[in-house]
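**Student:** The annotation substrate binding site is assigned in Swiss-Prot to 76-78, 101-104, 111-113, Thr159, Ser292, 297-299 on the grounds of sequence analysis. Summarising the annotation, Swiss-Prot assigns active site, proton donor/acceptor to His160 and lists sequence analysis as the type of evidence. Per Swiss-Prot, active site is recorded for Ser291. According to Swiss-Prot, the site 'Important for catalytic activity' annotation covers Glu304, on the basis of sequence analysis.
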Amino acid sequence: MKYTDTAPKLFMNTGTKFPRRIIWSMGVLKKSCAKVNADLGLLDKKIADSIIKASDDLIDGKLDDKIVLDVFQTGSGTGLNMNVNEVIAEVASSYSNLKVHPNDHVNFGQSSNDTVPTAIRIAAVAEVTNRLLPALQQIISSLNKKAEEYKDVIKAGRTHLRDALPVTLGQELSAYADAFQHEHEQVMNILEYVKELPIGGTATGTGLNSHPEFQERVINEINRITGLGFKPANRFRAMRLLTDLLLLSGALRNIAVDLYRLGQDIRLMFSGPLTGLNEIDLPTQEEIAGSSIMPGKTNPVTVEATLLISAQVVGLDHANQFASMLGEFELSMGIPLVGYNIVTQVNFISEALEKMSRLVIDGMVANVEKMKRYAESSPSLITIVSPVIGYDKATEIGKKLNKGMSIREALRELGYSDNEINKILDLSKLVKPGFTAK
């Protein structure tokens, strides 16, 4: 394998290999191209059949150890394409007892400039469809179930990390369920853009040295194999610009940001048990020791691992922004890096969503009495009488509350009866619109 053997001297050798999904997508693409070229009478059927058989080996993961070239290579991804071409040619030759050539046969009617941009989009769509979308549905379902379970559990609201008006735990969880639902819809919409494939563009998008029907036929064959509904792209756009993948990266970043926020809220509610909030318990987090020196300590380890994942996904999105700007005229120069990053982002965020759902949210237990006690002792409750006595007087009462006077005592000084005060301090009325003091 002349190219593959020589390239490591010139490329980077960081040990960063292409993920399984991209190797799989290259196998799907090479298989599809071989079949179409044979059907068009442009490739000997026996050679095509041997390429298809070798491509199946690549699809099934049997040749992964032979895809050795680093992600940090030529910006077109020629290293990946030629590595795959040479591996398939070698295996196909052994199957057919014919001399299968990596360029003349495996790469017939193709260029690295259209194959790798096509393959990374196939990989992205497949990974999102098979992993991310189910993981999003899982966390949406988990959050909605917990929101319903705790819809009447009142807790202190907090803004700026200071006491604020009460909310319910269900309301807080519903916010994240709604956010992830919107992000699920956003990803679905973006995916339609990513499904546009530039195969058939060959070197510069014109399609020179490929059959006029090649693009459409190859995409039909890819759809037959994957069932993912790909369609032809404007080849000139999809070979020079990676904007569709950048949109997907941005959607993954948004999921990571909201997942980070959810994780931070859970960590704070789990803080304690004696000197923190201690508003929730997370039984699964007690399965391993939280400290190597403090016996009995438990930490929100799954949540913290999720925060690290979120940080990495956001960082990879920033790298994608920069890599998407690389290139001039007919071709992007960030193709292998963006492809690698996107699949990595999808894998990382899907893993985090799945484990947050199963190990954290599903098992979350509210400390109901602790939450109620915090809610009833919050100085922000003065807000409920503000519409009646005015903002200035309410502020004065707030100062008294901060000095230790209870809100009941303050309201009595204003002439409210105990019966009226009980009605005012019915916290269930404070978590929905209305003027409870009137």
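Including glycine, each Cβ sits where the backbone N, Cα and C put it.
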**Student:** Should Thr159 (substrate binding site) be counted as helix, strand, or coil on the basis of DSSP?
**Tutor:** strand
**Student:** Among the recorded positions listed here, Ser112, Ser291, Asn299, which has the most company in the form of other Cβ atoms within 10 Å of its Cβ?
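**Tutor:** Buried the deepest by this measure is Ser112.
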**Student:** Could you state the whole-number distance in Å separating the C-alpha atoms of Ser76 (substrate binding site) and Glu304 (site 'Important for catalytic activity')?
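**Tutor:** That separation, Cα to Cα, works out to 37 Å.
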**Student:** When the number of other CB atoms within 10 A of each residue's CB is tallied over all shown chains, which of the binding-site residues Ser76, Thr159 has the maximum?
**Tutor:** Ser76
**Student:** According to DSSP, folded down to helix, strand and coil, what is Glu304 (site 'Important for catalytic activity')?
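**Tutor:** The three-state answer is helix.
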**Student:** For the recorded positions listed here, His160, Lys297, which shows the highest count of neighbouring CB atoms within 10 A?
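**Tutor:** Result for the most crowded candidate: Lys297.
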**Student:** Out of His160, Ser291, Glu304, the recorded positions in the record, which is closest to Thr78 (substrate binding site) when you go by Cα distance?
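**Tutor:** Given the candidates His160, Ser291, Glu304, the nearest one is Glu304.
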**Student:** Tell me whether the residue listed as 'active site' sits in a helix, a strand or coil according to DSSP.
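**Tutor:** Where the residue listed as 'active site' sits, the three-state DSSP reduction gives coil.
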**Student:** Enumerate same-chain residues with a sequence separation of six or more from Pro102 (substrate binding site) and a Cβ-Cβ distance below 8 A; give 'none' if the list is empty.
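**Tutor:** Residues satisfying the criterion: Met1, Tyr3, Met82, Asn85, Glu86, Ile88, Ala89.
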